[in-house]
Amino acid sequence: MLGLFKVKEKQREESQNNNRRGASSVKKKSAGELRLHKDISELNLPKSCKISFPNGKDDLMNFEVTIKPDEGYYTNGKFVFTFQVSNVYPHEAPKVKCKTKVYHPNIDLEGNVCLNILREDWKPVLNINTVIYGLFHLFTEPNYEDPLNHEAAAVLRDNPKTFENNVKRAMMGGQVGQTSFARCV
């Protein structure tokens, strides 16, 4: 018992000495940060997807993913998504927004994304890799049955050739209806 008290006393002294020397205390990471670190270290992305940390590697909870589809309507486009991950991740889905203005049935003009695993189908067993693959899938197979951009969804459903032309025009920096788009190819 006496040995335990000496160990505690020694730890207390070392802690006080470190504080006197100006040693900074190590910030304890939240469970969400630990899980996200694991998810990022295990990423297995398609070649057309890249992850970056605009605020530096010290801010893992906010990052960007760039998707460059290599097939489908959006081939050769470049679409950037921001991810904000809360400290309670994975119990809460990451917040994902598309920074690139895009003509898409599942992404509105404000960048909100309609992807079931970011809403009602989110489960803690899902991870960042799953979300990125879900976003990638939206570009290879847009879904007109669960739209945020109802006009784009109706065109895709009723006239896929017109939809394809609208996507190309938007990606080249043109105008679709009353909406102007920046070039993203």
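Along the chain as shown, the residues are counted starting at 1.
Any Cβ shown, glycine's included, is placed from N, Cα and C.
Unlike curated records, TrEMBL annotations are generated automatically.
Residues or ranges marked as compositional bias 'Basic and acidic residues' in TrEMBL: 1-15.
The region 'Disordered' feature in TrEMBL is assigned to 1-30.
Residues or ranges marked as domain 'UBC core' in TrEMBL: 31-176.
Look at TrEMBL and you will find Cys114 tagged as active site, glycyl thioester intermediate. There are 18 other Cβ atoms within 10 Å of the Cβ belonging to Cys114 (active site, glycyl thioester intermediate).
In the domain 'UBC core' (31-176), helix, strand and coil residues by DSSP number 48 helix, 26 strand, 72 coil.
The average per-residue pLDDT of the prediction over the domain 'UBC core' (31-176) is 96, rounded to a whole number.
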